[in-house]
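Asker: Features from TrEMBL:
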BINDING   B:55, B:56, B:105, B:133, B:136, B:267, B:268  carbamoyl phosphate binding site
BINDING   B:84, B:166, B:228  L-aspartate binding site
DOMAIN    B:6-145  domain 'Aspartate/ornithine carbamoyltransferase carbamoyl-P binding'
DOMAIN    B:153-302  domain 'Aspartate/ornithine carbamoyltransferase Asp/Orn-binding'
């Protein structure tokens with residue numbers, strides 16, 4: 001039974017035991033869908049998206065509906081009272097009277113902390129600017145565990161924008177809690193992993209390599225985590241155009257990969273992974289969205305104390 | 001049993017007996033949630049919001065969902081056929097085929113009257129421009145009755161924009177139907193209660209005072225109803241800036257207030273009430289949103305003839 | 001039982017036997033609502049509207065809710081990941097993991113074909129640009145069958161924008177599969193039925209007349225299908241203003257119409273039909289929206305294999 005009004009802002013808000021419990025729960029849900037069909041009956045999830053995100057919002061909504069609960073909320077700031085100058089704190093105080101659990105995406109880093117201080121129901125951060133997005137990391141962990149059977153002893157390639165990509169940072173933070181993983185950090189020099197994340201790898205004594213070479217790194221990988229090089233992260237168009245196409249995964253680059261390597265991507269993809277790869281058995285990025293839905297189901301159940 | 005196709009446009013569309021019945025029903029719902037969990041099963045509420053309003057829309061949706069019904073609709077004019085030039089009348093004729101009860105917010109005063117003429121299911125006005133917003137007044141009434149035990153013999157302070165604030169006018173209209181209430185009308189001279197509302201007070205022989213002094217008025221109040229000074233009501237920025245901060249409720253101003261005074265606000269708040277007051281037991285504006293949800297539940301049940 | 005992952009892009013994707021089955025099913029639903037109240041329990045419909053459309057979206061949502069299912073989705077491109085450059089293919093791959101059946105409106109012709117190639121659940125085109133909109137035609141067919149008892153041997157007037165009006169083309173395509181119907185094509189010369197649709201009429205040996213005269217054609221009609229002359233179809237304002245008002249249906253023009261003629265319109269209407277006609281028994285355009293909801297219910301049941 002989770003403690004009341006638990007807020008999940010960062011993946012580190014969950015202990016390793018809790019992560020394992022949530023993954024076990026997701027596996028049970030996968031195998032016994034019907035057992036959970038009415039579990040959240042009469043419960044309501046509020047999805048407060050101050051910034052649009054189809055995938056994350058629909059995933060939360062699908063999760064709650066598959067548990068027999070219902071959903072209310074908004075899909076963009078223009079549909080909300082924020083336009084009238086209302087604070088996040090006041091919105092959360094109010095919505096606490098309308099819903100049994102709240103998830104929020106907000107463009108401002110720190111907004112979830114404010115929300116957590118004002119909610120009287122469990123709260124889940126669904127992404128705050130370039131900061132945290134814990135349920136994406138939950139999706140990543142379950143996908144890796146299901147594809148490889150475990151979360152330790154793996155060689156993990158992280159490729160693309162390692163500087164601004166919040167999903168990469170969170171995934172490293174989470175994987176560092178499992179033993180004996182190696183990290184291959186593949187990016188242009190301009191988009192290398194920030195120093196504070198490098199420090200964490202060192203502190204934990206994790207083996208890691210920084211490289212600009214995607215193709216040469218592939219053969220040793222168990223997991224290849226691709227990310228989008230986002231236009232909005234660049235100061236000028238020229239740098240963006242020069243860099244965006246370098247780390248594109250193609251069929252050719254996959255030739256020397258392990259047969260059971262798993263390719264992940266937080267999506268949306270623009271062109272970082274050639275669509276020709278979608279049919280490859282190693283492509284797990286759409287399966288990852290299924291894992292994401294099931295982890296959100298597990299998290300909702302856990303935070304509502306309905307997991308037993 | 002409500003008559004078929006009843007439309008609630010203005011708080012005065014409900015008799016005093018009906019108001020009392022709705023408040024009694026809200027109290028029963030509060031105490032026996034489970035009795036009402038399936039009451040609106042197979043019923044659909046349409047929420048047609050031609051103008052965004054998080055609070056009101058989510059409150060209606062939460063209300064219907066807590067009754068076991070479901071919800072469909074839109075959250076802003078850009079998502080609707082209005083953009084293609086469709087009339088409110090045609091939208092309502094159509095949606096009457098999709099839902100069992102309709103609620104609508106529209107920026108144009110008078111739109112709900114058109115809607116009421118074309119609906120073939122019960123209809124609730126969820127706000128029309130600066131005109132009527134009856135379910136806000138239902139929320140206010142229940143909050144006052146629950147905080148003070150009754151709706152008569154009270155000294156009610158109404159503070160802020162009394163000229164354009166539709167919630168203030170509706171609340172006065174409703175409270176005038178209960179005996180022996182005194183009204184302290186606190187506002188800058190530019191935003192005093194309009195003459196036609198003053199006339200109503202006089203006609204009913206109600207005791208009232210017009211003043212510009214918030215702090216001096218507080219000690220005698222049972223209820224303090226604060227309102228937002230809306231920027232969009234002013235012709236120039238200068239007047240807005242000069243006036244908006246005068247009627248801000250602070251901890252200091254509360255010092256001589258009664259211990260059981262209730263502070264209400266229709267929300268959203270910008271800065272009319274210092275956040276330091278949120279923890280004060282007299283702050284009832286978030287509780288008011290809970291009362292609003294329960295009154296909407298009561299009203300939906302009543303209009304659908306499912307209140308027995 | 002429909003085959004798995006059936007996609008309906010065009011009305012011609014359904015055989016005559018299937019059309020008849022769907023209409024029979026809609027009639028059964030009309031008579032035995034309660035039998036279908038829980039039929040889609042635990043099923044989810046995704047409504048992906050990359051372009052707003054109140055009527056169609058709400059009709060699909062109402063349909064799914066009346067079958068006991070639930071709904072998730074978005075109401076405009078700005079609320080979707082399309083803004084981040086995601087392809088329709090990737091959106092559909094993902095949403096296939098969230099929903100049991102998908103309906104999509106997209107401004108680009110051809111987008112539904114891409115979607116059909118990537119969905120792993122049944123898919124329904126809810127309109128693609130000026131191209132296809134099969135569920136509107138299903139609504140039209142049921143309305144005609146219910147109003148006239150059959151779909152053959154009828155004289156059908158089609159009036160307004162016959163050049164760009166996709167609903168007119170689809171309705172002709174569908175009606176040509178039923179014998180002995182006559183077509184009176186009423187439009188300004190600039191907006192006549194395109195040659196490829198004329199060819200179809202000739203190939204099937206259907207009797208048809210092209211005319212600019214609405215009033216003179218009315219007396220012989222069993223069905224009058226009015227359409228909107230859309231501003232966005234014209235290259236200049238002047239042409240639009242000259243043509244838009246010519247084919248307006250008024251009480252006077254109806255004087256010599258048959259007593260049991262049925263007037264249809266795909267809606268939204270701007271002013272093509274005088275509101276004075278709404279009270280006339282022959283006005284069936286709002287009833288048509290009810291038929292549309294019931295046909296969508298039938299189609300959802302059929303595609304999910306839940307029609308038996």
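Each Cβ is built from the backbone N, Cα and C atoms, and glycine gets one as well.
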Asker: List the Cα distance (Å, whole number) between residue B:267 (carbamoyl phosphate binding site) and residue B:166 (L-aspartate binding site).
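Answerer: If we compare the Cα positions of residue B:267 (carbamoyl phosphate binding site) and residue B:166 (L-aspartate binding site), the gap is 13 Å.
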Asker: 10 Å Cβ neighbour count around residue B:267 (carbamoyl phosphate binding site)?
Answerer: 28
Asker: For the domain 'Aspartate/ornithine carbamoyltransferase Asp/Orn-binding' (B:153-302), what's the mean pLDDT in this predicted model?
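Answerer: Reported value for the domain 'Aspartate/ornithine carbamoyltransferase Asp/Orn-binding' (B:153-302) is a mean pLDDT of 93.
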Asker: Tell me the Cβ contacts of residue B:268 (carbamoyl phosphate binding site) under 8 Å, same chain only and six or more apart in sequence, or just say none.
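Answerer: Same-chain residues close to residue B:268 (carbamoyl phosphate binding site) (Cβ under 8 Å, separated by 6 or more) are B:55, B:228.
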Asker: Hey, which of our binding-site residues B:105, B:133, B:166, B:228, B:267, B:268 end up with a Cβ under 8 Å from chain C?
Answerer: none
Asker: Select from B:56, B:136, B:268 the binding-site residues whose C-beta atom falls under 8 Å of at least one C-beta in chain A, and return them in sequence order or as 'none'.
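Answerer: Answer, by Cβ distance to chain A: B:268.
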Asker: Around the carbamoyl phosphate site recorded as B:55, B:56, B:105, B:133, B:136, B:267, B:268, what other same-chain residues have a C-beta within 8 angstroms of the site's C-beta center?
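Answerer: For the carbamoyl phosphate site, the extra neighbours are B:53, B:59, B:126, B:127, B:266.
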Asker: Can you tell which of B:55, B:105, B:133, B:166, B:228 has the least company, meaning the fewest other C-beta atoms within 10 angstroms of its C-beta, among these binding-site residues?
Answerer: B:166
Asker: Which whole-number value in Å describes the distance between the Cα atoms of residue B:105 (carbamoyl phosphate binding site) and residue B:166 (L-aspartate binding site)?
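Answerer: Pair distance, Cα basis, whole Å: 14 Å.
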Asker: Calculate the distance in Å between the alpha carbons (Cα) of residue B:56 (carbamoyl phosphate binding site) and residue B:166 (L-aspartate binding site), and round it to a whole number.
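Answerer: Cα of residue B:56 (carbamoyl phosphate binding site) to Cα of residue B:166 (L-aspartate binding site) measures 15 Å after rounding.
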Asker: Might you list, by sequence position, any residue in that chain lying six or more from residue B:136 (carbamoyl phosphate binding site) with a Cβ less than 8 Å away from its Cβ?
Answerer: B:56, B:127, B:167, B:170, B:266, B:292
Asker: Please give me the CB contact count at 10 A for residue B:56 (carbamoyl phosphate binding site), counting all chains in the structure.
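Answerer: Neighbour count, Cβ to Cβ under the 10 Å cut-off: 25.
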Asker: Summarise the domain 'Aspartate/ornithine carbamoyltransferase carbamoyl-P binding' (B:6-145) as counts of helix, strand and coil residues per DSSP.
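Answerer: Going by DSSP assignments, the domain 'Aspartate/ornithine carbamoyltransferase carbamoyl-P binding' (B:6-145) contains 71 helix, 25 strand, 44 coil.
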